[in-house]
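Colleague: Structure incoming, see below.
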Amino acid sequence: MQKIQENNKKRHIILALLFLGWCLSYLDRMAMNVGIVEIAKDFNLSPSVMGVVLSSFFAGYALMQLPGGWLADKFGSRKVIAIAILFWSIFTILTGMAWSLMTMIMVRFMFGLGEGAYPAASSKAISDVFPKKERTSAQTIMMSSNSLGGVIAPLIATPLLVWIGWQHLFISIGILGFFVAALLWYYLSPKNMQPSFEEEEETGEKVTFKDVLKLRLSWQLAVMWFGVSTVVWGLISWMPPYLVDVRGLDLMSMGMLTSIPAFAGAIGVLLGGQLIKSRLAGKEKYLAIVSFIIMIVSLYLLFNAPSVGLVIVYQSICMFFHGPLVAIIFSLPHKVFPKNVIGSTFGMINLGGMIGAFLAPMVMGYLIEIFNGVYASAFMYIIACAILGIIAAAGLKPKNKHVQTTVHEVETQN
């Protein structure tokens with residue numbers, strides 16, 4: 001009994017630290033979205049160039065998804081996680097030292113490469129430490145850190161931006177990363193990562209990443225995540241300038257208000273995780289379609305809202321319903337894919353999302369510029385991408401079979 005309690009304690013500590021790593025990653029990247037208003041003034045950036053700066057991070061992030069997943073499967077999550085955090089922390093510090101537009105773009109690209117290895121590696125750690133029946137809950141809790149990071153980041157970054165400037169803001173939070181990397185390296189030791197449960201036996205031939213690429217489910221989840229990430233990172237990137245330039249808020253007010261939708265998103269992720277674990281287990285398709293539809297309606301209402309208060313209300317509704325989609329997209333792989341390809345599978349899914357996140361700031365910035373500062377076309381772009389997510393979700397099967405069975409069916413058909 002005591003040994004079981006000790007093992008559970010280790011798992012919870014590891015989950016908490018993985019959660020902390022995700023929060024740090026969001027603090028580091030959200031600092032740019034908060035600071036872009038002041039950075040644009042210092043470097044005299046147009047909306048389209050602001051979009052390029054914001055997208056440069058996602059270019060590196062997207063490029064690292066598949067290699068990051070492969071590295072996690074090949075060398076283990078501990079090494080990849082520690083190196084990733086150290087790497088991105090160095091380039092967070094260098095962001096504060098950038099002296100020109102080109103150096104800023106290059107540094108943010110390298111920063112994205114570092115962060116890009118973390119998602120698949122952290123998901124791999126979940127599959128290594130938790131028994132299969134607990135992985136969905138653990139993954140959902142870990143992914144709720146994305147929204148919680150969105151709550152914390154403006155509350156921390158905005159006052160620091162006002163008090164010490166954007167350069168020292170990046171240097172300060174970059175230094176914090178070295179301590180987080182040390183904690184994760186210590187607790188993700190081989191002793192703590194050794195499974196303390198009897199793994200369910202996986203029958204059939206060993207599944208490879210090539211097999212995963214043959215499955216419709218893999219591509220459906222990637223396209224769904226493309227739609228979700230386009231909406232989320234389009235809003236995160238352009239709501240701060242929108243609230244300041246169009247709605248007339250000051251930096252401090254903007255920072256405080258943008259944390260409200262992120263908090264709604266965190267609740268949505270946790271609630272969505274509980275629903276697909278209990279009442280809506282096997283009915284993820286229907287929850288996904290409804291969530292996408294409500295997101296689209298709230299986006300339309302958002303950019304037509306007559307007041308700042310309603311803008312925040314509609315953005316909060318949108319972010320709340322992105323939560324179940326996060327829970328679905330990042331829990332299904334644990335249910336149907338075997339451990340040996342978990343890292344690579346999450347890398348593929350996240351690549352789809354990060355392509356959307358890369359395009360959103362840049363395309364929206366270009367649309368805002370060519371329409372003379374009017375944001376309507378930019379919002380229509382992210383709505384169109386969300387519609388793609390609905391199409392992908394509509395093809396989900398009510399109950400997904402284990403991937404080994406599905407692969408066998410694909411090979412038989414071929």
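Here the Cβ of each residue, glycine as well, is placed from N, Cα and C on the backbone.
Heads up, here are the entries from TrEMBL:
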type     : residues : note
DOMAIN   : 14-401   : domain 'Major facilitator superfamily (MFS) profile'
TRANSMEM : 48-68    : transmembrane segment
TRANSMEM : 80-99    : transmembrane segment
TRANSMEM : 141-163  : transmembrane segment
TRANSMEM : 169-188  : transmembrane segment
TRANSMEM : 219-239  : transmembrane segment
TRANSMEM : 251-273  : transmembrane segment
TRANSMEM : 285-303  : transmembrane segment
TRANSMEM : 309-332  : transmembrane segment
TRANSMEM : 344-368  : transmembrane segment
TRANSMEM : 374-396  : transmembrane segment
Colleague: Can you work out whether the transmembrane segment (219-239) touches the transmembrane segment (374-396), with the criterion being 3+ CB pairs under 8 Å where the paired residues are 6 or more apart along the chain?
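Modeller: Counting Cβ pairs under 8 Å (6 or more apart in sequence), the transmembrane segment (219-239) reaches the transmembrane segment (374-396), since there are 3 or more.
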Colleague: Does the transmembrane segment (344-368) reach the transmembrane segment (169-188), going by 3 or more CB pairs under 8 Å (6 or more apart in sequence)?
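Modeller: Output no: the transmembrane segment (344-368) is apart from the transmembrane segment (169-188).
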Colleague: Do the transmembrane segment (169-188) and the transmembrane segment (80-99) share at least 3 Cβ pairs under 8 Å, sequence separation 6 or more?
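Modeller: Yes; at least 3 Cβ pairs under 8 Å.
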